[in-house]
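Over in TrEMBL, the protein carries these features:
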BINDING   C100, C102, Y121, C125  Zn(2+) binding site
COMPBIAS  125-139  compositional bias 'Basic and acidic residues'
DOMAIN    9-269  domain 'Glutamyl/glutaminyl-tRNA synthetase class Ib catalytic'
MOTIF     12-22  motif ''HIGH' region'
MOTIF     245-249  motif ''KMSKS' region'
Amino acid sequence: MTGANGAGRYAPSPSGDLHVGNLRTALLAWCFARASGRRFLMRVEDLDRARDAGAAARQLDDLSRIGLDWDGEAVLQSELGRGHDAAIDRLAEAGLVYECTCTRADILAAPSAPHAPPGAYPGTCRDRSEAERARERQRIAPRRPALRLRVPTGMAAPEFDDRIRGRVVGEIDDFVLRRGDGTVAYNLAVVVDDAAMGIDQVVRGDDLVTSTPRHIVLQRLLGLPSPPDVEFAHVPLVLGSLGARLAKRDGAVTLADLRSAGASAEKVLAVLAQSLDLAAPGERVHPQLLVERFDPGALPRSAWVWPGLENAATS
Ligand code: GLU
């Protein structure tokens, strides 16, 4: 699919430095966008105010260092709050929002509904009367209720064609739109922001594939573009040597770590390209060359195990 008027994006959370797994996902998002003629936009997902303010700048710097570019300035998600509030108001006016006072422990302790996916919200607060809600608000004060989406009864669970995983059939529950502390939930923000930025191609790690059906539900309820007008590609994660998702405990995994161990950004790009079958071992590559070689159908479908600096540096 070409997207001359569309855009792809990368949306990092500035919770620390990007590691090679994040860089690889960003590289793929960039290749998907550029190879299909799309613009490529950057959005810093900084809604969680506890995050390190300097991390966003370092992340963007690292993305540039490996040769990625994006159109326009990076957008800060924290500046898009008005759109988030408007979307929640709109859903509330349609009767699709309710207050929830459950804690995580309440949810775990509640009997789950038959056929509900594991961990699904059991619906405890869904049908409370106004009087019950007022009592609940008092009961949990000073904590405040979260807001959940009331998924319309009988709404079919969305299915979509993922560019990497093929047909995905989703499961949905009444998920949180706004947390009790007032922070807008990722699932709401991502949908509103992608639509506001004109994103029609979402490439991200496949740990988020189970969230996408929720996003499609919101797109439909808010009248925003959804598949097939928006395409999704959930890319395999990078694993550490113990088989779990790559993390700091796996040693030198950020660009800064690798630089101090003697690996240049060009070298890291080459190793990532090789892991995607876009470069031969030891070949030095330029990002534009990767766009020319890029074929979504030929991408590896399984997770890549980070070989460690010594092996990456000698491959
Ligand atoms: N901010 C999310 C993350 O870093 C990615 C969200 C997305 O791409 O939709 O995991």
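Even glycines carry a Cβ here, placed using N, Cα and C.
According to DSSP, the motif ''KMSKS' region' (245-249) comprises 2 helix, 1 strand, 2 coil. Summarising model confidence by region, the domain 'Glutamyl/glutaminyl-tRNA synthetase class Ib catalytic' (9-269) averages a pLDDT of 94. Each of T101, D106, I107, P122, G123, T124, R126, A146, R148, D174 belongs to the same chain as C100, C102, Y121, C125, is absent from that list, and has a C-beta within 8 angstroms of the C-beta centroid marking the Zn(2+) site.
Across the motif ''HIGH' region' (12-22), the DSSP tally of helix, strand and coil residues reads 3 helix, 1 strand, 7 coil.
DSSP assigns Y121 (Zn(2+) binding site) to coil in the three-state reduction, outside any helix or strand. Of all the Cβ atoms in the protein chains shown, 22 others lie within 10 Å of the Cβ of Y121 (Zn(2+) binding site). Just so you know, the Cβ of C102 (Zn(2+) binding site) picks up 22 other Cβ atoms within 10 Å once every protein chain is counted.
In this structure, C102 (Zn(2+) binding site) belongs to neither helix nor strand by DSSP; it is coil. Taking each of the binding-site residues C100, C125 in turn and counting other Cβ atoms within 10 Å of its Cβ gives the largest count for C100.
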